[in-house]
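*Asks:* Structure below; questions to follow.
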Amino acid sequence: MSQESNGGPAAGGGAAAAPPPPPQYIITTPSEVDPDEVRSMADLELGSPEKQVQVQSQKFSSTSSTTKVATHSFSMSSSAGTTGQQSKQDSAQQIQQLQQLQQLQQLQQQQQQQQSQRIISSSTRSQSLQSSTIVGEATTITSGAAQILSASAAASLAQQLKAQSSTSIITSSEQRTSTSTSSSSSTRYIASGSSNLAGGNSNSASSASSKTRFQSFLQQPEGAHGFLTAHQKHVRQFVRSTSAHSEAAAGVAGARAEKCIRSASTQIDDASVAGVVESAGNLTDSSATGGSMQLSMSKLGLQQSSSILISKSAETIEMKSSSAGMRTQLTLSGGFLAPPGNRKITILSPIHAPPGLHDMLKRAQGRSPLSPRISFPGSDSDLFGFDVENGQGARSPLEGGSPSAGLVLQNLPQRRESFLYRSDSDFEMSPKSMSRNSSIASERFKEQEASILVDRSHGEDLIVTPFAQILASLRSVRNNLLSLTNVPASNKSRRPNQSSSASRSGNPPGAPLSQGEEAYTRLATDTIEELDWCLDQLETIQTHRSVSDMASLKFKRMLNKELSHFSESSRSGNQISEYICSTFLDKQQEFDLPSLRVEDNPELVAANAAAGQQSAGQYARSRSPRGPPMSQISGVKRPLSHTNSFTGERLPTFGVETPRENELGTLLGELDTWGIQIFSIGEFSVNRPLTCVAYTIFQSRELLTSLMIPPKTFLNFMSTLEDHYVKDNPFHNSLHAADVTQSTNVLLNTPALEGVFTPLEVGGALFAACIHDVDHPGLTNQFLVNSSSELALMYNDESVLENHHLAVAFKLLQNQGCDIFCNMQKKQRQTLRKMVIDIVLSTDMSKHMSLLADLKTMVETKKVAGSGVLLLDNYTDRIQVLENLVHCADLSNPTKPLPLYKRWVALLMEEFFLQGDKERESGMDISPMCDRHNATIEKSQVGFIDYIVHPLWETWADLVHPDAQDILDTLEENRDYYQSMIPPSPPPSGVDENPQEDRIRFQVTLEESDQENLAELEEGDESGGESTTTGTTGTTAASALSGAGGGGGGGGGMAPRTGGCQNQPQHGGM
């Protein structure tokens, strides 16, 4: 089988051309050629810059050489029909070709003056007569593309290239003549290779019939757009999944490809696909068989190329992607007019990865290369197919800027998973819950996938939220029922985007099961088990709770289980577990548990009475002094002089007067960058970081104009707001507010969220980030509740500080010259106020697990439903995403570069220690992690990341994949750093104070134990370990051993405090 190399004629002039790279091979789809046949796929390869200059100079050096190339290309593209007809067509079209070449010479001179380039080449493909190709740069794409596309298609392509100077677009159409031009050598040269494959020629009758049917389909109001909309997620998934190999290769090349991949993956979108359809629809010649669009990008030394080919007969849509030497092909077969059940997607991968890639990445990164499911089979003979559903064509769910704008949900690549994906073995699970995935792959391929794909964690989109598991189980029951009964599926009662065909069932269509077969019996048994599990789960749902509460309760239960094991490891582990439980778990569900009334339990009454007498004095000492009248909002100061200080026409460039304006402007120019030097901004802004950050962000987003906010009023309010942040707080000050606001701005810029939220929603989220900690006293909610503060009484112990922040902020808006929303309509103002209240209340850390469960349930439910698109078409869904976005920004310190993260950790711990000092002085119990004499910072950060931060960012990354992969990588690196910094466990501190007393008590305690346990405990006593609580009379060596994992507790010993955490280990007798 002949293979023609790509890249144009050989360079002449005595200069030796660079040797061509070895071709990459893939297996073509079985419907096209024999499965054993291999062909080259180097048609998108980019040559070296030197070779590009040589090729261009020789190709356009003379008219004769250009004529030869065009004539040869034309003869290749005219291979159909009989020999006589072919020669006649060649003769006629060669004359026309030569005439057009003369016109091209004139066009060439004009373009040389403009320093731009349009290169025209030709290529041939199997089962289609090829055409010419036009390559255009952004400056000339309109005039170039107008020759083969309509004006609207050319405009859309030009708009795509507006901000992509390094991108080239190739569009082709089958009956256009070949043209060629040249320009400056600085423009990259893209050559289209050719490969002739046996496949036969289509007769003229069938071609004309196909053309008529295709044009008729395109003329339908919602035909083509609806079909492409339904497949939009697959198109994006194809391009993005190819980036996995590009990321892997980047590790070898020493470059990071994420930015390159992210830019390239956004190129194939609604506009470009629509351009391809329009290109194909404009073809009128009966010999034309299709149109194509190709995209090429080169960044960071890596090359990303993608192409789409739509055949004229609507039989296939073929997409190819080439990234860093890795090529992948995807084919949508079945045609536009085929029933949804007959449409298939086939994905083929390279046969071989680069030599040594896997081993090198394992050594460099400690994990295997990313390998998304359904995209890259392990061998050349493994093909993955999944059904393509016929989505709604009335409105694209990807349309931005509207209340119905949605998010395309992607599959996460392999990475370290959080505890949410571990087995909840204490409770009954669905029989298939551990292998259930997002209903993309057919059931019959599950075993094949499991045997091929290795080292991929939860790459199958493992479902962990109970409601999504119930939906998946019911879908499985429905599909199994279709197989068992052989009843044809009816889609009358199903929404179009959730229609299930017979091919979704456990058995492929055309192979029904008959009663009495072993497979029939096994499938029936599995179906009954699945249905029983669904019924059990539904029976436990409480009617007054939402379905996301099921996930919240499950996650809290799993977290308690994890922390129980964590607390048993050491004294510090117990303290960290208690801190996490008391801070991040809302314990409201405890009131729903059945319990005895106090008066029904005399022993409990007596114990409470004794405890009350002992704590009466302590309560009196810890109670906060009487504050201002509760009818007033505490913390609101009198209007300061700066409220009316901006009297001149000129406002400060960045909202603050500073002698270091140039340095400040340089840093503020990076406000869209994750991990900005926020501490330097605070220094250069004369301790006004919140004002300058907020003002710059609102200016750059044009929110002052769209929300009709007077700039002077905005600066007045921000200055007043910043004055109400307590500067003496080490952590909760205006610098923290500026950091959260800047992080919120970056997350709002996520490509997946582009055009999703309105300016009012964006402004509300940023405003909420600005005010979310105003007048923070540097104390926790639990401290305020325990000390019976005026704030806790005012807000009934519920989100005390968050309610106070909102009250202070909205009260400040009433100051003269500070109402930034004065020009809004009443309805808009009410909507924004509600949004801000919801977002700020969600920053209460005790609501963390509920927020996480709500978001994960929403994402997984949409994936199980089969739509793959999260339609944010109601307030609840939209505010839920914004709440989690700001919550992520509030917990973003561990995801920042390590120097910033370490500095934030030091400030937060100092604030905790100050609260602990205050608790010690008041005779109160010192809160977890607040005792400066007994804290392990490194281990606390590892636990904080493992149980709180990583599960949250993991879910967010699932929502906006792949836009948060860099953040997750940084988080894992920071976690590994603190893990490596954990000091070795010290010996028990209480043993040295009175070793003889501890030894005696230890021996007396073990008299009732057998000799084996005695020997084990004595070994543990000699080896030492971390003790539990120090400095108390109830501390025993047995409890110290328990803390070190040496066994049970000792008699008479007092167990460690377990705060607000349920299911903590209680050290009882053996």
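Even glycines carry a Cβ here, placed using N, Cα and C.
Found this in Swiss-Prot, in case it helps:
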{"type": "COMPBIAS", "residues": "51-69", "note": "compositional bias 'Low complexity'"}
{"type": "COMPBIAS", "residues": "70-84", "note": "compositional bias 'Polar residues'"}
{"type": "COMPBIAS", "residues": "166-210", "note": "compositional bias 'Low complexity'"}
{"type": "COMPBIAS", "residues": "488-506", "note": "compositional bias 'Polar residues'"}
{"type": "ACT_SITE", "residues": "His732", "note": "active site, proton donor"}
{"type": "BINDING", "residues": "His732, Asn733, Ser734, Leu735, His736, Asp773, Asp890, Gln941", "note": "3',5'-cyclic AMP binding site"}
{"type": "BINDING", "residues": "Asp773", "note": "divalent metal cation 2 binding site"}
{"type": "COMPBIAS", "residues": "1007-1024", "note": "compositional bias 'Acidic residues'"}
{"type": "COMPBIAS", "residues": "1025-1042", "note": "compositional bias 'Low complexity'"}
{"type": "COMPBIAS", "residues": "1043-1054", "note": "compositional bias 'Gly residues'"}
{"type": "COMPBIAS", "residues": "1060-1070", "note": "compositional bias 'Polar residues'"}
*Asks:* So for Ser734 (3',5'-cyclic AMP binding site), how many other CB atoms are inside 10 Å of its CB?
*Replies:* 27
*Asks:* For the binding-site residues listed here, Asp773, Asp890, which shows the highest count of neighbouring CB atoms within 10 A?
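*Replies:* Result for the most crowded candidate: Asp773.
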*Asks:* Long-range same-chain neighbours of Leu735 (3',5'-cyclic AMP binding site), Cβ under 8 Å, sequence gap at least 6?
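*Replies:* Same-chain residues close to Leu735 (3',5'-cyclic AMP binding site) (Cβ under 8 Å, separated by 6 or more) are Ile678, Phe679, Gly682, Pro689, Leu690.
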*Asks:* Pop the Cα-Cα gap between Asp773 (3',5'-cyclic AMP binding site) and His732 (active site, proton donor) into the table, whole Å please.
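*Replies:* If we compare the Cα positions of His732 (active site, proton donor) and Asp773 (3',5'-cyclic AMP binding site), the gap is 7 Å.
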*Asks:* Around the residue listed as 'active site, proton donor', how many other C-beta atoms are within 10 angstroms of its C-beta?
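*Replies:* For the residue listed as 'active site, proton donor', the count of other Cβ atoms within 10 Å is 22.
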*Asks:* Taking DSSP as the reference, which of helix, strand or coil describes Asn733 (3',5'-cyclic AMP binding site)?
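*Replies:* Where Asn733 (3',5'-cyclic AMP binding site) sits, the three-state DSSP reduction gives coil.
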*Asks:* When the number of other CB atoms within 10 A of each residue's CB is tallied over all shown chains, which of the binding-site residues Asn733, Gln941 has the maximum?
*Replies:* Gln941
*Asks:* For His736 (3',5'-cyclic AMP binding site), list the number of other Cβ atoms lying within 10 Å of its Cβ atom.
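*Replies:* His736 (3',5'-cyclic AMP binding site): 24 neighbouring Cβ atoms within 10 Å.
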*Asks:* Can you tell me how spread out the 3',5'-cyclic AMP site is, meaning the largest CA to CA distance among His732, Asn733, Ser734, Leu735, His736, Asp773, Asp890, Gln941, in Å?
*Replies:* 23
